[in-house]
Amino acid sequence: MGLMNAFDSQTEDSSPAIGRNLRSRPLARKKLSEMVEEELEQMIRRREFGEGEQLPSERELMAFFNVGRPSVREALAALKRKGLVQINNGERARVSRPSADTIIGEFSGMAKDFLSHPGGIAHFEQLRLFFESSLVRYAAEHATDEQIDLLAKALEINSQSLDNNAAFIRSDVDFHRVLAEIPGNPIFMAIHVALLDWLIAARPTVADQALHEHNNVSYQQHIAIVDAIRRHDPDEADRALQSHLNSVSATWHAFGQTTNKKK
């Protein structure tokens, strides 16, 4: 017996009840800008406008859709957020291809809001741990000599920045970025950059002196990660990475507790 359509189980007696429910919940009307946005998006996806091609002018779009300038501008702004068009001052919108950065950027506001909730930072730190664990195992198994050299160079810059907290944070981010680049997947890179940006932005402000010891510990842990990758030992690389990120998490949690007590 085939699957029954959901409507087949409804009896005639239920029609008045359905009607009452529909009348009590009127359908929301779409804004004109949303309708223009959807139509333009479909035209772009159907290749009616190719990548790099300019869309019609605002005036032409207003006439074509029979809407005002605000609706056209709102629609174009929405398409820009989706990465489907680029808009430069004084020029018509130009069709573009969404990048991994654009896709991740759409979640940025929600991510920052989630981080501000209780437990939010811990959840994102766990996500980072799971994600970088896979990256470091891949690096230990597949990294080329050239890629390992890039890790070693990032490690050297790390060592030169130990007494300068701002520089060390940059070198720390760059070290992990090199790890994320090894698979050659742009989506991995976008996720990794966003994760670190979100987590770093959520960290408390800490006095420079308090960070110096943390910098040295992180640097030594980076050495252990690179050594394991150089030996092509994924298990040891994973252990070193997990030890490092758990240490970072515990340190910043302690900094946060201290900061809260002072308030």
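From the backbone N, Cα and C atoms, a Cβ is placed for every residue, glycine too.
Look at Swiss-Prot and you will find 58-77 tagged as DNA-binding region. The domain 'HTH gntR-type' feature in Swiss-Prot is assigned to 30-98; the stated evidence is sequence analysis. As annotated by Swiss-Prot, region 'Disordered' applies to 1-22.
For the domain 'HTH gntR-type' (30-98), the model's average pLDDT works out to 91. Here the DNA-binding region (58-77) has, by DSSP, the following mix of helix, strand and coil residues: 17 helix, 0 strand, 3 coil.
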